[in-house]
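Worksheet: the structure to be examined is printed underneath.
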Amino acid sequence: MPEYRSSTTTKGRNMAGARALWRATGMKTEDFSKPIIAVVNSFTQFVPGHVHLKDLGQLVCREIEAAGGVAKEFNTIAVDDGIAMGHDGMLYSLPSREIIADSVEYMANAHCADALVCISNCDKITPGMLMAALRLNIPAIFVSGGPMEAGKTKLSEHKLDLVDAMVIAADSSASDELTEEYERSACPTCGSCSGMFTANSMNCLTEAIGLSLPGNGTTLATHSDREQLFLTAARRIVDLTKRYYQDEDTSVLPRSIASFKAFENAMTLDIAMGGSTNTILHLLAAAQEAEVDFSMTHIDHLSRKVGQFCKVAPNTPKYHIEDVHRAGGIMAILGELDRAGLLHTDVPTVHSDTMKDALDAWDVMRNNDPELHKFFKAGPAGIPTQQAFSQSTRWSSLDLDRENGCIRSAEHAFSKEGGLAVLYGNIAEDGCIVKTAGVDESILLFKGKARIFESQDDAVKGILNDQVKEGDVVIIRYEGPKGGPGMQEMLYPTSYLKSKGLGKACALLTDGRFSGGTSGLSIGHCSPEAAAGGAIGLIEEGDEIIIDIPNRGINVSLTPEQLKARRQAMEAKGADAWKPAQPRPRKVTTALKAYALLATSADKGAVRDKELLK
C-alpha cells in the first residue's frame, strides 16, 4: 500500500531532527504513525468572505484529530476583488490565484502532508486551491466559508448586493442619502457576495465536480447548519486518506474525481445557473492541472445544448444564493440536469460512490426526507454580523416550483440556451465569452461603431464624461493576462454604463475579464489578447463591430486583406508593436512583470505557458 507521504519526515533515525520539530508543534510519539492532514485556511480581515474563518480552521483540526488524524493549519493569501476593483489593485487579483496554488503546493510538499482540507471562499481562493489540489493529487476536500446574506434597505423589500451599491453611486440623479443607504445595506454579513458572482459560482462548481459536500455552495455563512459542513468535511478527509493510503483506493484522489466527465458536469451546471464568466477561466486552468483535455471547444459544445435552469443576481434582482438554497441548492439543479439527460451520474464524489447516489440522497425532488428538507429551509436572519454560524432561521417552506420558481425544470427553463456562450470570429479567433443570462433579448444581435479605450481607467473616464453613446461598442484592450498585466475585471465600466442608461444600448468587448457581478452585453476573455498579437489590437475607432450571439459570432467589418495590412503596419512598429498607442501611467512591479512573462491568453485559462519552462 502507498506509504504516508509524511513518513519521509516522521520515520527513521535520520529524521530525528524533523521529529524534534514536529514535537515542538505539539505532536507526540503516537502521532508519527497517523496521517498528517493540512488544513489550508484563508482567513483575513481584508475580505468579508474570509473575515469569519479565523476559528474555523481549528474547528476542522479538532475534528480531524478526534477522527484519528493529525491536523496542521496554515493560511494562504486572499484578495478582495471588490475592494481591489477600479484601481491598480485589480492587477494583482488574477495573479494571486497562481500564488495561492503555489503556496499550497509549497507547504504541502515541503512538509510532506498526506491530505488537504481546503477552506476557501472568494474569487481567486477557491480556484487557486483547486489548482493546487489537482496538481498535488493527494486526498482533498473543499469546504467554503459560505455566501453572504442578501441586503435590503429599510425603505424597501427589494434585495440588494454589491453591484447595486456601485450602480447607484454612479447615478447622478440619486441622492447622497439614498446612496449611503445602499452602501450600508448591500453587504450586511460575513460571507461571499450574495449573488451568483465568481466566488459563489466557484463554490457551487466544487459540488458539481465532486470535491465538496452538498450544500457547500449555498448554505449561508451565518447559518448554524454550515458548522456541520465543516465537521463532516473533517471526518470525511480522514476516511478518504485512510482509503487511499491503507486500502490503495485511488478513486478518492482529486484527479480520479475531477475527470473529464466531472469537468463537463461542472461546466454544464455553470451554464445552467448563469454563473460568472470567470468560472470558465478557472475551470480551464484547473483542467490543465488535472491533465484533462477540456477546452473552449468543449464549453462551446455544451453551451449550445444546455438551457438556463436557474436565474440569480446579477441576472435578475429577484433571486440570490439564499433563494437557490431554499429551492434545494446545487443538488436540485443537478437533479434537473439529470432528468434532462445532461449530466454524467457515474462519476465519484468525495461523499458518495457516484453522482447518482448523491442525487438520490440530496435532490429534494426525489427524496422527501424531512431532515433533508429542513436542511434546505435554512435562510437569512437579516442581522448584520461578521460571526459564522450565528443564526438558525428557517423558511417556512421550500421553493419546489419548477415551473415559475428559482430553479426550473428543462421544460420550464428560463431559456432553452444556457447562461454562457463562446463567440468566435475575426476579432477573437480563439474565442471570447459572454454571459448570455445577463443580456437582454433585444440586443442578442448587435451592430455598432467601435469606441476604443486602451485601459480600463480611460474607459471609466470616457463613460462618466458621456463620450460613449447609444449604439457604441466599447473596446477596452491591452487588459489581458499579459497586457494588463493581470487581466483586470471590468465591473466599474459595466456598472457605469447601466447608471448612464446604456446597459441595453451599448456593448463592451475586452481582452480583460468581468466580475461575476456583471450583466449586459459584456464580452470578455477575447483571445488572443491584444498584447499577444490578437486582432482586438487592430480595431480602429469607428470600425463596425457585429455581435451575433445566436450564431456565436463576433467580427469587425474588415476584409482579410484589410486585417493583414493592419497587422503588417502594427508589426512594423518593432518594439512598440502590440502595446497601447500612448504609455499608460501604470506602475507595473517586478512581481507583475514576472506573471506577465509566462501568462497565456484567457482561452488557456491564463495559466503559465509551460512550453517556456521546458
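Just so you know, the numbers here start at 1 and follow the chain as drawn.
Positions of Cβ are set from backbone N, Cα and C atoms, glycine also.
Of the listed candidates (D80, D81, D164, D171), Swiss-Prot assigns D81 to the same Mg(2+) site as D123, K124, E489.
Within 10 Å of E489 (Mg(2+) binding site), judged by CA to CA distance, lie the following recorded positions from the set C122, C193, S515: S515.
Counting every protein chain shown, the number of other Cβ atoms lying within 10 Å of the Cβ of E489 (Mg(2+) binding site) is 32. C193 ([2Fe-2S] cluster binding site) sits 14 Å from K124 (Mg(2+) binding site), taking the Cα positions as reference. Counting only same-chain residues six or more apart in sequence, the Cβ atoms lying under 8 angstroms from the Cβ of C122 ([2Fe-2S] cluster binding site) belong to S42, V47, G49, H50, A78, V79, D80, D81, S192, A199. Summary of the Mg(2+) site environment: with the site residues D81, D123, K124, E489 set aside, the chain residues having Cβ atoms within 8 Å of the Cβ mean position are V79, A84, M90, S93, L94, C122, T198, A199, N278, S515.
Taking all protein chains in view, 34 other C-beta atoms sit within 10 angstroms of the C-beta of D123 (Mg(2+) binding site).
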